[in-house]
């Protein structure tokens, strides 16, 4: 049985890498550090850092904290968090992902220009909470591209100028499906960009938004900006190919991970013999037995952008030692 470890489309993204690196440096220096929320949506990695001295706190605890240092994770935070920090004399170590920080700026400018901001994402995801905070929490969050959730679309003002953006880790096809359905919905209520045949919304760039904000040419009434992180979305096709190339897939990620859910579904669609775990104690021996009763020929180990590479190596090592490995893979 060959064990193949995916190093090209699995493991921490750049934003999470930066956060973990800073957290480790701070902990090495002082042995203690507060983190607002889980530093990453991976329980195993959180426990590793907590063992080094990190303390994870929630918003109520953060609001009671005084004169301490607090890490802001890659997901980012709304303006209210920074206001609390100033009020409570808290030193903020801000590791917001640059892609997320740029998106927050875009959301803020669109809101200031009077746009109703629609966010394709998950309402309680910390990144979305941070983005919506830039809109005074007035953004409309939609998770279902088919507009099937009436509660999600109920707040929409179909006569107002509107901009569509996205949580950085959502799926690209879903974003464009949502755009298409919003175009149809708004057009049915008589709101479309002048000169468009079927109510197409117009793509805008940062320079367009900045220009209007500084008194330049006005943007169309109905616009969209694809803000999905391409470093994340580019993994989709690679991971699909990886899943197809192996008899069995063991996908390691935290169950809180939004990206993990998306990537696992890609693996599962490509290869029905794909299994989700958080750690090695969930691995089952029957996964590695083929329909002929013999061991499968290959097992692929992969994970999410929030999965540390050391955990994937641990999984490969465990499977290799427990069930056998003839690939010559040094990680197994």
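Positions of Cβ are set from backbone N, Cα and C atoms, glycine also.
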Of 211, 306, which one shares the (2E)-4-hydroxy-3-methylbut-2-enyl diphosphate site with 41, 75, 125, 168, 257, 258, 259 in Swiss-Prot?
306
For the [4Fe-4S] cluster site that Swiss-Prot assigns to 13, 97, which of the candidates 229, 248, 267 is also assigned?
229
What subset of the recorded positions 41, 75, 127, 258, 259 lies within 10 angstroms of residue 229 ([4Fe-4S] cluster binding site) at the C-alpha level?
none
For (2E)-4-hydroxy-3-methylbut-2-enyl diphosphate, what surrounds 41, 75, 125, 168, 257, 258, 259, 306 with a Cβ no more than 8 Å from their Cβ centroid?
126, 127, 169, 256, 260, 304, 305
Assigned conformation of residue 258 (isopentenyl diphosphate binding site) - DSSP reduced to three states:
helix
Looking at the binding-site residues 13, 97, 168, which has the shortest Cα distance to residue 125 (isopentenyl diphosphate binding site)?
168
Identify all same-chain residues not among 13, 97, 229 whose C-beta atom falls within 8 angstroms of the centroid of the [4Fe-4S] cluster site's C-beta atoms; report them in sequence order.
14, 15, 16, 74, 99, 100, 168, 169, 231, 232, 305
For residue 306 (isopentenyl diphosphate binding site), which of the recorded positions 13, 97, 127, 168 has the nearest Cα in space?
13
Quick one: of 13, 97, 127, 168, which recorded positions lie within 10 angstroms of residue 257 (isopentenyl diphosphate binding site), measuring between C-alpha atoms? Sequence order, please.
none
